[in-house]
Amino acid sequence: MAFTRHPSSSMVLKSIREGAWHRFLKGGLLIGRLHAPPLCRERFVRSNMYTLSSNGKATESKGLVVDLRSDTLTSPSLEMRKAIYEAEVGDDGLRADPTIEGLQKRIAKILEKEDALFMPSGTMSNLVAVLAHCNSRGSKVLIGHKSHIYLHEDGGVSELGGVMVNTIQNNSDGTFDLDQMEKKWCGSVAVGSSLVCIENTFGHGGCVLPLDFVDEIGFRLSKKKIPLHMDGARLFNAAVYLKVPASRLVKDCSSVSVCLSKGLGAPVGSLLVGSHDFIERARRLRHILGGAMRQVGVLGAAGHVALDIGVERLAEDHQRMHNLATGLSNMKSLSLTLNLDLVHTNIIIIQVNPKCCTAGELVERLDQVTNEEEVVIGKSVKIKCYEIDPQEIRFVTWNGITDSDIDDAIRKLSYVVKELDDKLINSSVSQG
């Protein structure tokens, strides 16, 4: 991908008159001659990590790739591209970007909180939230041992804020023992502020925290005057699953972070929500971390569209994941298992029998196609996914995954499962 000299203003105006708007919608606005990926599948843009066939399906040299690694693979829709093009902007560092100001007020109203702040990423949202609550070095935060903050945010709260992390064992649905939590109280006057963090939905498996758990933890913490932060990267997935307003899930939370660039489909952004005082502290921390931006309304415009149309579409991701999980469960595999009761939203965790292979080996196998397999299935199908534990892999559906993709993924899994089960059975027979 190459850059050339940016055209002069007169050339830009001429380009617009000659159809730049059409090119923007079909393939992305030209900025310094940087071309956005081509549009496919009517509405969404595929990641450019693969080539594109004539029918818009992602391929690697040939065949279909069903990419189930993450819902961060979403790309801006036509509506978002139009909103970005038309966005009214100003200097957000001076609180003068009307699009961002409107977005912040909008999410605060949706969640029934006082204020909000746009962040470049969910990781920065969570980092700023913890530092804003734990405002002295040596403060402590209690978080689940499989939470995103603990596992995937590189220890920023400790490295940058001197915050001590205390973990508690997560259950498979993302909850933890509240009595055990009380034994681990991390707050005292001597060490300054303290904090408890929960994650909803639970990124390790997509489960939605039960309302009674969220209510009870809020009640216990309020008695101790300990703030509660929710990593709500997929908060709206939880709200859609429970069929309740998102505000109901965060009513006892002192702060919440909401990601716009996962299932909601925006290209960039997270929103940190809380009280006026909390957001003022967060604003300073965002500036320290380099997260304050200027004409960021171009991103905020996509965030508005995400809230307009992205939330109601999440149920489609949930249904497709349920179909995939049901198809896999019906295979009655000896090698791969999952708990259908834990399939709530757009994420599933699959356990890999250690007698069969490791999760890493399974990830590699799903990304391969044998000649015999292609004949049996009728096409070349690869599945992209992640190993999250030595014996666990994760699948995630998102707005670029179709019903047809799910059908093809089930065919692929059926072939690989039979291959692994046969290997397991033959191994048992030979050892017997």
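Note: Cβ is positioned from N, Cα and C throughout, glycine not excepted.
Annotated in TrEMBL:
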type	residues	note
DOMAIN	67-336	domain 'Aromatic amino acid beta-eliminating lyase/threonine aldolase'
MOD_RES	Lys262	N6-(pyridoxal phosphate)lysine
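According to DSSP, Lys262 (N6-(pyridoxal phosphate)lysine) is assigned to coil rather than to any helix or strand.
Remark: the residue listed as 'N6-(pyridoxal phosphate)lysine' has Ser70, Asp71, Thr72, Thr74, Ala233, Arg234, Trp398 as non-local neighbours, by Cβ distance under 8 Å and separation of at least 6 in sequence.
For the domain 'Aromatic amino acid beta-eliminating lyase/threonine aldolase' (67-336), the model's average pLDDT works out to 95.
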